[in-house]
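Peer 1: If you scroll down you'll find the structure; I have some questions about it.
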Amino acid sequence: MQKITVITAYDFNTARALEESGVDYILVGDSLAMVALGYADTKRVSLGEMLICTRAVHRGAPKTPIITDMPLQAVSKSINDSLKAAEQIIKAGANFVKIENAEKETLKLITKLVAQGIPVFGHIGYTPQRFDKPIVVKDQEKLLKDTQALEYAGVSGIFLEMIPSQISNLITQSISVPTIGIGVGAGTSGQVLVGDDLLGRYNLVNPKFLRRYANQYSESVSAFRNFIQDVRSGEFPADGESY
Ligand code: KIV
Ligand code: NA
């Protein structure tokens with residue numbers, strides 16, 4: 001079967017480019033906390049900020065399925081508040097929400113959302129909302145148990161982040177919903193990367209699993225420098241560039 005592709009986006013133009021590229025899903029990840037807003041970690045991002053970005057992405061990619069992360073601030077509340085947050089995310093244009101970890105409270109929430117007709121993706125392995133820095137999660141027994149619990153709770157698929165490829169292969173073979181991997185090898189049903197990472201626009205981290213397909217950060221710096229130089233030298237604007 002053809003592999004599933006997922007790329008994150010937080011803004012209108014990136015979403016437009018993604019829709020034109022034919023990607024299967026756009027993820028409005030809470031990585032936007034660091035990548036788009038400059039916070040130190042994903043824990044800081046608010047539901048309001050996730051909604052603004054979800055709406056922008058939906059306007060740019062109205063035909064591509066959108067998955068939006070439930071931010072920590074929306075899942076650390078009562079189950080009813082979390083449900084309301086998920087409803088707002090769907091109303092903003094997402095087709096799915098994604099929720100980290102498979103703890104008891106999380107499974108309860110996922111079961112409730114699915115019962116209310118809100119499709120959910122799970123996310124296990126390295127889950128940034130619960131960790132301070134990236135680590136490879138190797139507890140095979142717990143990971144297998146968590147995936148099965150998530151499948152039973154009714155998820156549409158499971159994101160696997162930074163677990164050994166041998167465990168990720170086992171998980172993919174043992175469940176019937178698709179797995180989307182990041183840093184877990186080629187055996188998953190699909191792959192996800194942060195759009196700004198693969199474009200070389202966010203260059204503050206350099207994990208081993210990241211392949212860069214462009215160098216947009218340095219291209220931006222040189223384009224800005226060229227403009228500055230042209231203005232200072234009188235090269236811009238030329239006659240034809242004025243009314
Ligand atoms: O927030 C995000 O971008 C994510 C992906 C890295 C899976 O959760
Ligand atoms: Na995330």
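Heads up, residue numbers simply count up from 1 along the chain you see.
The backbone N, Cα and C atoms fix where each Cβ goes, glycine too.
Because TrEMBL annotations are produced automatically, they should be read as predictions rather than curated entries.
Values in this document were obtained by computation on a predicted structure and should not be read as measured data.
Annotation source TrEMBL lists Mg(2+) binding site at Asp30, Asp69, Glu100. For Asp30, Ser31, Asp69, Lys98, the entry in TrEMBL reads 3-methyl-2-oxobutanoate binding site. Sequence annotations record features per position, and here TrEMBL assigns active site, proton acceptor to Glu161.
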Peer 1: Hey, for the 3-methyl-2-oxobutanoate site built from Asp30, Ser31, Asp69, Lys98, who else sits with CB inside 8 A of the CB center?
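Peer 2: Neighbours found: Thr8, Leu27, Val28, Gly29, Leu32, Thr42, Met50, Thr68, Met70, Pro71, Glu100, His123.
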Peer 1: Find the one among the recorded positions Asp30, Asp69, Glu161 whose C-alpha lies closest to that of Lys98 (3-methyl-2-oxobutanoate binding site).
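Peer 2: For Lys98 (3-methyl-2-oxobutanoate binding site), the spatially nearest of the recorded positions is Asp69.
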Peer 1: So how many other Cβ atoms are close to Ser31 (3-methyl-2-oxobutanoate binding site), meaning within 10 Å of its Cβ?
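Peer 2: Counting Cβ neighbours of Ser31 (3-methyl-2-oxobutanoate binding site) within 10 Å gives 21.
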Peer 1: Provide, as an integer number of angstrom, the distance between the C-alpha atoms of Glu161 (active site, proton acceptor) and Glu100 (Mg(2+) binding site).
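Peer 2: The separation of the Cα atoms works out to 10 Å.
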Peer 1: Among the recorded positions Asp30, Glu161, which residue has its Cβ surrounded by the fewest other Cβ atoms within 10 Å?
Peer 2: Glu161
Peer 1: Restricting to the record's 3-methyl-2-oxobutanoate-binding residues (Asp30, Ser31, Asp69, Lys98), give me the longest CA-CA distance in Å as a whole number.
Peer 2: 12
Peer 1: Does anything in the same chain, at least 6 positions from Glu100 (Mg(2+) binding site), have a Cβ under 8 Å from its Cβ, and if so what?
Peer 2: Asp69, Met70, Val75, Thr106, His123, Ile124, Thr127, Pro128, Gln129, Arg130
